[in-house]
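Participant: Dropping the structure in here first, questions after.
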């Protein structure tokens, strides 16, 4: 059972139906009767209500980012004292601080664990190689990898399937308004942390940077929801944040903190949240996000200073990604600019091909993962054995290279790290390919970005390593372990860039280390299609502001080229997982349609004073999450739209049994006996469902006034408004339900309700197959 108390039934969002009036009574057999719809629009929305989260298929529903202005909310807001408003403001900043502190600490401990576990494995392998016990070295290396991989896969397969993958598509979808089972649960956080440690230490071509974004979001969700009732971790003073709107802001801060903790890039974290993760942004959120990432930077800097004295075992001087490429002047000429353009074009092509192949592999793995947890673990084990065989076997194809002049005492390298690993070579020689493959991913990137000597890595070595990382990264992403794409893409791009730098060495003024950086930038731009945030992250990573013009140029070119072929990798994964993501632009064909063209029917609605049995039966028969409330005579002269009542609020109202035997308005009594916090969205724990209600037959015949819980200020649009404008309005306002009202008088007060599923291409093009999607 998920820790969050939400209705996870497969929802139809209550809004995909046209107006239908019902009889407020009970038939002879005890069931509720409904009249035929006055507006016969019986189209059904057949879009999928399930999606893949991590490696798990589960129901999805939308989030209520709109401020729900009912009488209870207004009464609560008016009754708040200045001290409570000040307390709310202070708590927002305090939570931002706690998110930054917790995420920074988790990021540091994550790196500490990976460096020590992987360091022990590599030291054991290296010592056996020095003793020429090659078979024992291989079995020790592969065995350690297999044990770590099995541990990571078992955690994902049996405890939290939602923790598989990078988690960035899921966080992006959540911030767009999509919720799913266990997407940010404590179990997901636990498995994300430890699964990422085991997966990266197991030698997979994956990174811990993507999972850190998901980890930061989970930490923010845990704090913002007041803890978890299931695990006896609740804080009543966090009741102010029991709504989707405030949680969205906190999770945005968490996602930015995850990037800052992964790359030591606080400004890059803010820009990542702005450019890629968040769907809504405002200046107040910018300040809090920047404050959160600043806290992360301070925490990491303080903890790294503790490790400089050698107190962190094999962690060395920090282990966190920080690549000092070159502090010297960056000079470039016209041939260098042409080389940068070439890097950008090829990076865009290779990046789009990478996305295409990742999509195909993910679809294939989905068929395997559907067969159960055991098959997920076996797939991970198979990929682990393949990775170990390649990492240990390919260096045998590389010839031994004499140690460069001036490296006496450093070549061959002694210990777990270093760029001069001897492997099977004689004294004063090193195997450059083993220096890349038998190292942690972070150390491999440092070796590729180094500018000490152009000839440290042979051209053949760089070519072999590029193909190894490129294709093994594609095969690895999608298995049931927490895995990020940043590091595989940076590795492939850096090796490709250094290879181009070696080939163009005689005619270029840029050294190979700078070519590695530009290659990584071109590959990142070609796969992820981000520009501003990637540029700043790379500059913060490398501590080299002089590379800004070239990095900007290569990112723009690679993104432009790649956009000609397909979408960014995270956008593709969101689509493949079936998440109904609302884009920030309308599709071209939407300009040829109006709102009423996609409204499906029929719609279930309630009167302002409704019979308990009618509400109970409607909640039992459907899984809708929003119901129109209609003011009707004798309470008004003519039928008019009162607003929308949420399913969760109706359940709380029925559970409180605030009923009347007479069909009269008694909302003032409900306002006196109820508080807004009674209807607040529950945190982590079991939510109220229709099965939990116990209502007698006598109570079924009683009435309840829905006006106190009805949002009397719903967003509405005319039925003739362009669907393109409606889609943009829906997305920018962060809505869950949008009422469509008639243009002419004398008709029912509502035509239907639009939800995000009504804007999905499969629904619209399914209704009008003759429409050209590109026009």
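Just so it is clear, glycine is given a Cβ too, placed from its N, Cα and C backbone atoms.
According to TrEMBL:
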- 90-114: transmembrane segment (TRANSMEM)
- 134-160: transmembrane segment (TRANSMEM)
- 181-206: transmembrane segment (TRANSMEM)
- 250-274: transmembrane segment (TRANSMEM)
- 280-300: transmembrane segment (TRANSMEM)
- 337-357: transmembrane segment (TRANSMEM)
- 377-397: transmembrane segment (TRANSMEM)
- 462-491: transmembrane segment (TRANSMEM)
- 503-524: transmembrane segment (TRANSMEM)
- 530-557: transmembrane segment (TRANSMEM)
- 709-773: domain 'CBS' (DOMAIN)
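Help me picture these features in the structure, burial and contacts included.
Facilitator: Same-chain neighbours of the transmembrane segment (90-114): 193, 196-197, 200-201, 208, 212, 215-216, 219-220, 223-224, 237-238, 240-241, 246, 249-250, 253-254, 257-258, 260-262, 288-289, 291-300, 303-304, 307, 312-313, 315, 318-320, 440, counting only residues six or more beyond its ends whose CB sits under 8 Å from a CB of the stretch.
Under 8 Å from some Cβ of the transmembrane segment (181-206) lie the Cβ atoms of residues 2-4, 8, 53-54, 56, 58-59, 106, 110, 113-114, 117-118, 121, 141, 144-146, 148-149, 151-152, 155-156, 159-164, 167, 170, 174, 212, 214-215, 217-219, 221-222, 228, 230-231, 251, 383-384, 387-388, 391, 440-441, 469, 472-473, 476-477, 481-484, 487-488, 491, 684, all in the same chain and six or more residues away from its ends.
For the transmembrane segment (250-274), the list of distant contacts is 95-96, 99-100, 103-104, 106-108, 171, 174-175, 184, 208-209, 212-221, 223-224, 241, 281, 285-286, 288-290, 292-297, 300, 320-322, 486, 530, 532-534, 536-537, 540-541: same-chain residues at least six beyond its ends, Cβ to Cβ under 8 Å.
Same-chain residues lying 6 or more positions outside the transmembrane segment (280-300) and placing a CB less than 8 Å from one of its CB atoms are 65, 92-93, 96-97, 99-101, 103-105, 107-108, 175, 248-249, 252-254, 256-257, 259-261, 264, 266-267, 269-270, 273-274, 320, 732, 734.
Here the transmembrane segment (377-397) has long-range neighbours at 137-138, 141-142, 145-146, 149-150, 152-154, 157, 202-205, 365, 368-369, 423-424, 431, 433-434, 437-438, 464, 468, 472, 475-476, 479-481, meaning same-chain residues at least 6 beyond its ends whose C-beta is under 8 angstroms from one of its own.
Long-range contacts of the transmembrane segment (503-524) within the same chain, counting only residues at least 6 positions beyond its ends with a Cβ under 8 Å from a Cβ of the stretch, are 323, 325-326, 330-333, 335-336, 339-340, 343-344, 346-348, 350-351, 354, 448-451, 454, 459, 486, 489-490, 492-497, 530, 534-535, 538, 542, 544, 547, 550-551, 554-555, 557-558.
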Participant: What is the average pLDDT across the domain 'CBS' (709-773)?
Facilitator: 92
Participant: Report the DSSP secondary-structure composition of the domain 'CBS' (709-773) as helix, strand and coil residue counts.
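Facilitator: Result for the domain 'CBS' (709-773), in helix, strand, coil order: 23 helix, 12 strand, 30 coil.
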